[in-house]
Amino acid sequence: MTAQTLYDKLWNSHVVREEGDGTVLLYIDRHLVHEVTSPQAFEGLKMAGRKLWRIDSVVSTADHNTPTGDWDKGIQDPISKLQVDTLDQNIKEFGALAYFPFMDKGQGIVHVMGPEQGATLPGMTVVCGDSHTSTHGAFGALAHGIGTSEVEHTMATQCITAKKSKSMLIAADGKLKAGVTAKDVALYIIGQIGTAGGTGYAVEFGGEAIRSLSMEGRMTLCNMAIEAGARSGMVAVDQTTIDYVKGKPFAPEGEAWDKAVEYWRTLVSDEGAVFDKEYRFNAEDIEPQVTWGTSPEMVLNIGGKVPNPAEETDPVKRSGIERALEYMGLKAGTPLNEIPVDIVFIGSCTNSRIEDLREAAAIAKGHKKAGNVQRVLIVPGSGLVKEQAEKEGLDKIFIEAGFEWREPGCSMCLAMNADRLAPRQRCASTSNRNFEGRQGNGGRTHLVSPAMAAAAAVTGHFTDIRTMA
């Protein structure tokens, strides 16, 4: 039998029907639903007189539009409130396996909520009307974002039409150095292969450094796969995966658990499996990363300097650097560790889990917010993450440092709620995108790890965390 990649196994086990042009009908196991991309889909079902094909495939929460402060005042923005209220009504009418509404204890960012509830399991196909659905591939699942029309198709038929991507292996061999996190690995890889490097591919991450990551680290890595242009990112199942899933609310139990684990252990690429493309990196080459421009590929080690466009021979790239420097208000040759910040945001579906908050708290403990830093927002990814952080006293560490301890939600990752940057404000952010205006009109975003963000908060500028006691 031909050796198969993990992607081959996941894809082949979900093909319902093949068309002659390479298009297939692909079965979907889990559909994650939030308030932004679902209203039109639910309306389409109503107009056609349809119901959900499988109510027990749907897990839903409100996240993009929900405020992270002053919950006693409710949702002030009328459009945001309408979207959240509409989700409430649609779930009440159509049903779901689980729904975590605004202010519910389990509410949170959909890509944090799903895994912590055990709604994401190895071997599943997972879709959501959100580009960072690739996060769930960390479980040995095939996960990717879909558009609103596909959201409706999934609701009505439990299938989508798709063409198989090419396969790519990205391996990080060796051990990561102290102070280097999954976020740094992700940014480093994007810096090496570019934001189009994974276009047309489903990426499997492997190698010793990847296997050493926790599930939360793997989720960070797979979350960023889309920023390298990939359709999806995934990590093979191992004991780390199984241990994380065990005991989660929607995980199998008893005999069903034993059977599931037996199957899950097969969700690895076979020995001798051939990938369409491979990249291999030495983990020891990876340092703490900071983006300097308006694309995740515009990234350097913390010890680097803002590049000089005059040194770029490619006219298209040179023009891109010039535009980025103008927007970001930076001068060529400026050391990254001398760039001051105005705002710090620690949160998003990339870095708002309990381990991320622990990393940030370890840096913040015993320090105070720097005088030039206007605000530091700490936004847990879910109500359960917030509860755990408070049990550990992390909230007290942040508050004593002068940081804001917020309620769960997408927050400042994107300018779709009350948390946003003002023009020209410079932000050290643990989110996943640094495009122009992503965090607010004219806002300047630098992507970093939670520890690096916390270091910037207390020093007032980007700082190599390895130099801090």
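In case you wondered, yes, glycine gets a Cβ from its N, Cα and C as well.
Record features (Swiss-Prot):
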| type | residues | note |
| --- | --- | --- |
| BINDING | C349, C410, C413 | [4Fe-4S] cluster binding site |
Counting other C-beta atoms within 10 angstroms, the emptiest spot among the binding-site residues C349, C410, C413 is C349
Other same-chain residues whose Cβ falls within 8 Å of the Cβ centroid of C349, C410, C413, the recorded [4Fe-4S] cluster site, in sequence order: D63, H64, I109, H111, H132, G347, S348, T350, S352, G409, S411, L414, S431, N432
Under a three-state DSSP reduction, the secondary structure at C413 ([4Fe-4S] cluster binding site) is helix
In three-state terms from DSSP, label C349 ([4Fe-4S] cluster binding site) for me. coil
